[in-house]
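A.B. asks: Sharing the record's features from TrEMBL:
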type	residues	note
ACT_SITE	Ser197	active site, nucleophile
ACT_SITE	Asp225	active site, charge relay system
ACT_SITE	His312	active site, charge relay system
BINDING	Arg239, Asp241	Ca(2+) binding site
DOMAIN	46-390	domain 'Lipase'
Amino acid sequence: MVAVGPNNGSIIFHTLMYVLNQSILQDESSYSYYYMRIGKETNAKKCYGIYGCFELSSPWTSENRPVSLFPSELNEIEPNYFLYTRKIRNNPILINVNDFEYVENSGIQPNKPTYIITHGYIEGGSIQWIFEIGQDILDQEDANIIVVDWHGGSSPPYTQAVANTRLIGSMTAHLLHDIAQAANSKSLDHVYCIGHSLGAHLCGYVGYTLQDEFNLTLGRITGLDPAEPHFSKTGRPVRLDRSAAKYVDIIHTDASQFIRGNLGISESIGHVDYFPNGGTNQPGCDKGLAHFLNAENGSLLRGVKSYLGCNHLRAHQIFLDSIKPKCTYLTISCTSMQDFIAGKCWDCGVNGEKCIRFGYHGRKHYKKLYGNGMNQSLNQYFITGSEAPYCRGHYRITVKIADNKVSQEHGGEIGQLIFTLHSSSDGRGHKSAPVGFVSGFYVPGGFYVKVVATDEIKLIKAIELEWRYNSTLFNPLTWRFFSTPKIFLSKVTVESLESGQRLMVCPKEERPLINGISQLLIPSYC
């Protein structure tokens with residue numbers, strides 16, 4: 001058996017994508033009606049009854065989108081709409097859109113909040129994450145949950161699935177228009193579309209069709225790591241854009257170039273774009289294939305899918321986590337993840353305009369900012385854990401190494417500080433999980449700053465600190481034959497992003513931190 005490590009993921013992924021897309025490399029003549037390459041012009045269009053006519057000319061075919069297809073026929077895609085409400089949580093009703101009175105007959109409650117949830121490539125509406133998001137939303141509010149199942153059109157080749165989202169987006173817009181008519185409403189502020197990967201752009205097509213055909217505007221769209229291939233460096237009407245709804249938020253978890261094995265778009269395309277952990281490499285996704293096989297109870301297919309798509313799938317996992325969060329899920333505007341980790345972005349602004357809650361509850365924060373006249377696009381950063389619950393509290397920690405005579409005589413040390421936050425000054429109350437600080441060379445008089453994430457402690461009263469000395473055989477500067485590895489601290493300052501608390505603590509009687517022995521630091525020792 002060949003071992004598969006995390007560095008092989010991109011190679012395996014591209015091999016699978018090559019196999020899945022071989023049908024697109026057939027002779028061009030086999031696509032005489034559906035296929036157009038860049039550089040060719042055509043006035044051809046294909047119509048799908050009330051759902052409109054579709055073209056392949058610019059902007060649908062361009063340098064950044066070299067192949068464009070017409071959508072498949074509806075009887076090939078087999079789209080279905082399933083309705084969940086609090087009364088029918090486990091046995092959804094199939095909405096028969098061919099029934100002239102389907103809004104009334106299906107049990108849709110037109111005036112109540114309505115959520116459209118749709119899957120992406122090589123998926124279907126029965127996938128577990130969609131069900132879980134719907135159930136958690138119903139726990140929060142009395143709503144209509146409408147699942148868009150277009151599994152018949154999400155299969156390879158990828159280019160055909162891309163094309164099919166245009167038709168399903170139009171069809172879904174017509175459904176929402178019918179619901180609005182049943183309620184005699186001219187507003188869709190209460191309608192919210194949530195889509196993963198290709199499904200995110202499908203939500204965009206829903207929004208554009210509602211605007212262009214019915215003069216209606218969706219209330220909100222959340223794009224869960226919108227797909228990058230065929231959408232990067234394009235704009236409206238090709239991809240999801242902030243103009244598709246009154247509020248568009250994007251969650252980037254696999255945001256890089258497709259050629260590197262990433263699936264999500266890296267461009268900021270919403271009112272708010274979230275970049276958890278930098279938006280590219282998610283915690284826990286660097287584990288080997290065996291871990292994912294075990295997590296999927298030995299299923300090879302699901303295990304390989306989770307392994308290859310770990311970063312991409314994390315978007316809907318952390319969004320689900322945000323519906324019933326274990327902590328605040330606060331994010332902050334910054335220029336990059338590197339600057340955020342370095343502690344350069346820590347000011348929420350006079351009116352809190354730079355700090356927004358992530359996910360399901362985020363619109364309330366944005367609406368408050370919008371009401372104060374703020375309408376700029378925001379790039380938000382935050383840190384998550386490697387598994388559910390993903391939510392973490394954020395802390396900017398500043399360490400000052402003592403510059404006194406004893407510290408100078410001892411000199412610098414190589415190692416890492418490990419922090420544990422305590423809710424009581426004696427260390428007996430609630431405490432956070434240990435979290436690592438800067439790993440490197442600490443010199444007397446030095447200042448070290450880093451943002452770390454761990455469990456959210458509402459009010460910190462003490463900090464437990466451990467020094468872990470790093471020694472290597474090949475670096476004589478780390479050898480300690482006649483002295484004990486230790487570090488002399490002057491003070492430590494911790495600041496909570498979530499609560500705004502700022503706490504300064506010191507070691508008791510200026511005692512040094514000795515390798516492997518933890519020490520409790522409290523304010524009264526300063």
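For all residues, glycine too, the Cβ spot is worked out from N, Cα and C.
Any TrEMBL annotation is an automated prediction that lacks curation.
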A.B. asks: Please give the average pLDDT for the domain 'Lipase' (46-390) in this predicted model.
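C.D. replies: Taking every residue in the domain 'Lipase' (46-390) and averaging pLDDT yields 92.
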A.B. asks: Look up Arg239 (Ca(2+) binding site) in the DSSP assignment and reduce it to helix, strand or coil.
C.D. replies: coil
A.B. asks: For Asp225 (active site, charge relay system), what residues in its own chain, 6 or more apart in sequence, show a Cβ-Cβ distance under 8 Å?
C.D. replies: His196, Ser197, Ala200, Ile251, His252, Thr253, Asp254, Ala255, Leu263, Gly264, Ile265, Asn311, His312, Arg314, Ala315
A.B. asks: Applying a 10 Å Cβ distance cut-off over all chains shown, what neighbour count does Ser197 (active site, nucleophile) have?
C.D. replies: 31
A.B. asks: Once near-sequence residues are set aside, which residues in the chain of Asp241 (Ca(2+) binding site), 6 or more away, have Cβ atoms under 8 Å from its Cβ?
C.D. replies: Gly204, Gly235, Val248, Ile269
A.B. asks: So what sits near Arg239 (Ca(2+) binding site) in its own chain, CB-to-CB under 8 Å and at least six residues off in sequence?
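C.D. replies: Arg239 (Ca(2+) binding site) has long-range Cβ partners His201, Gly204, Pro226, Phe231, Ile265, Ile269.
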A.B. asks: Determine the Cβ neighbour count for His312 (active site, charge relay system): the number of other Cβ atoms within 10 Å of its Cβ.
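C.D. replies: Excluding its own Cβ, His312 (active site, charge relay system) sees 26 Cβ atoms within 10 Å.
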A.B. asks: Check His312 (active site, charge relay system) against DSSP and tell me helix, strand or coil, would you?
C.D. replies: helix
